[in-house]
Amino acid sequence: MSLTASITAPARIIRYSAANALADMRHMYTWKTWTFGWLGRMLAQVTFFAFFGHVIGSADQTRYLLVGNAVMTCVIESMMVIVSTTWERRVGTLTLLSAAPAPLSWVFIGRSLQWPVSGTLTSLAALFGLGPAFGVHWRAGQILPVTALVVLTAATTYCFGLFVAAVAFNADGARNIISNATYLLMMAVCGVQVPTSYWPDWVRVVAQAIPLTQTLKAIRSVSGGTGPALVPACWAVLLGVGWLVAASWMFQLMARRGRRTGSMGTGA
Amino acid sequence: MRIFLTGFRFQLRVAWGSPDTLQICVTAPLFTLVFMAIAEHAERPDLAPFAIVSPTLMSLWTLALFIAGELIGDERRSGTLEALIAVPARLSTLVIGRICAVTTLGLLSFAEAWLVAGLVFDRWLAVRHPLPFVLCLVVTALAMAATATIFSPLFILMPSARTVQNTLTYPFYLLSGVLIPVAMLPFWLRPASHLIFLSWSGDLLRDSLAAPAPHDVAARLAAVLALGAVSHLIGMALLHRVLRRVRRLGTLSHS
């Protein structure tokens, strides 16, 4: 395969798969149900946690919770890749996909792209729309870097979510549980609600391997003007690429196992 | 009563191994972990009751919304609704029995939350006023079961409501003060909060865990029961409307 073909072939498959993702999104939401239903729900979630800062009685804590939970909304949506990866099996197309010569991972990389896109919009609405109401004000120069970092958070979390989806490839019934448990653990240890330094060393080490920890550090650096954002952002990129490679490898492994055991159409 | 207990036992068996019930068993401790971490990091151990009560009420609400809300629809999809309606036993009694089983399971999340606070953060919370506490848990479970009777027929009457099923969580948690006391919500939101039974339940449960004796216990319990009763009446009216409609349209066994 030539170099050009080795790039265009996956890109074409990912594009087709992303078109499916977009169709799913259109089927699920209209702009009204997304705005007043989904976005409203996520903004309520951010407000819910930010209000806890009010209960604590600390303006700093309120701002910390607002930023953390606003960024968390794109993580929650990106982690929905764990759930939507099962949809191919449910509609009976997984056996056909596994019989096709293209790697399964290319299909799944594009198949749930609606989530990070929608998640990015949700996070930006929460940060820039809801933030000022809780004392998080933005200067013009901060908007672009924060937007780029939110996109990076959604993209790298999607890569991490793909890996978890691949690990849980045959556990159809537990998809929602795995998705919810994973994002709640991330919410606890990645610096969303409390700084990572609050947790024991071993938890902190695990948290460093999750892209959210790095991107959130970068976003807090930009919003507070407390330090360089480039270093954690670069770490997030590296981690995102690493998780994507691991996810591709895991999908191949699971596909091989599924073909061998004849469980591609039925799951475990 | 026999029909109620039959529905209760049946639902316990169904729900025990269902992914939705397991989800609550997993998410309730994790929510406690999150809330407790915030409170402990802020050096506010007095907020531990908030961190324990909140996941309990959230779990009850989630179960009501996602399991109880699907009861009638599931029977209809599996083609068993016709048989259930044809038998002389009242469907509403059976449904209430099943929903009560779901909310009873939801109460287990309190034990989980209490254990997480103790095991992870070494905050072994004493229930200082056990009688109001237990009474409040019981009437809350009853009011939740009564409220859940609204969802099941509603999702059949308005299929579009299912699209926003997930959106009925956090806006509701916020409004009903499951984590934040109603007194701390904006002034203009408070009247609406008082119309949701969870706001009374949350306040009384937290007060029962605190040192001072809770005040007006009987009146607050009565408020939870009264609001639950109103929800139940609405739920029953909706259920009858659904049954009339599917009979008239001949779609008892169609989803």
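Just so it is clear, glycine is given a Cβ too, placed from its N, Cα and C backbone atoms.
What you see is a predicted model, and the numbers here were worked out from it, not measured in a lab.
Residues or ranges marked as domain 'ABC-2 type transporter transmembrane' in TrEMBL: B:21-208.
For B:21-39 (among others), the entry in TrEMBL reads transmembrane segment. Long-range contacts of the transmembrane segment (B:21-39) within the same chain: residues 15, 45, 47-48, 50-52, 54-56, 58-59, 62-63, 67, 105-106, 108-109, 112-113, 115-117, 120-121, 123, 179, each at least 6 residues beyond the stretch ends and with a Cβ under 8 Å from a Cβ of the stretch.
Feature annotation from TrEMBL assigns transmembrane segment to B:51-72 (among others). Using a Cβ-Cβ cut-off under 8 Å and counting only residues 6 or more beyond its ends in the same chain, the transmembrane segment (B:51-72) has close neighbours at 15, 18, 20-21, 23-24, 27-29, 31-32, 35-36, 38-39, 81, 95, 98-99, 102-103, 105-107, 109-110, 112-114, 117, 125, 140-141, 144-145, 147-149, 151-156, 165, 168-169, 172-173, 176, 178-179, 198, 201-202, 205-206, 209, 239, 242.
Marked as transmembrane segment by TrEMBL: B:84-111 (among others). Long-range neighbours of the transmembrane segment (B:84-111) within the same chain, counting only residues 6 or more positions beyond its ends whose Cβ lies under 8 Å from a Cβ of the stretch, are 3-12, 15-16, 21, 24-25, 28, 52-53, 55-56, 59-60, 62-64, 67-68, 71-72, 75, 137, 141-142, 144-145, 148-149, 152, 236, 239, 243, 247, 252.
What TrEMBL lists as transmembrane segment is B:131-158 (among others).
According to TrEMBL, the transmembrane segment annotation covers B:170-189 (among others). For the transmembrane segment (B:170-189), same-chain residues at least 6 beyond its ends with a Cβ under 8 Å from one of its own Cβ atoms are 35, 50, 53-54, 57-58, 61, 196, 198-199, 202-203, 206.
Residues annotated as transmembrane segment in TrEMBL: B:217-239 (among others). Residues 72, 91-92, 95, 132, 135-136, 139-140, 142-150, 152-154, 157, 195-197, 200-201, 203-204 of the same chain lie 6+ residues outside the transmembrane segment (B:217-239) yet bring a C-beta within less than 8 angstroms of a C-beta in it.
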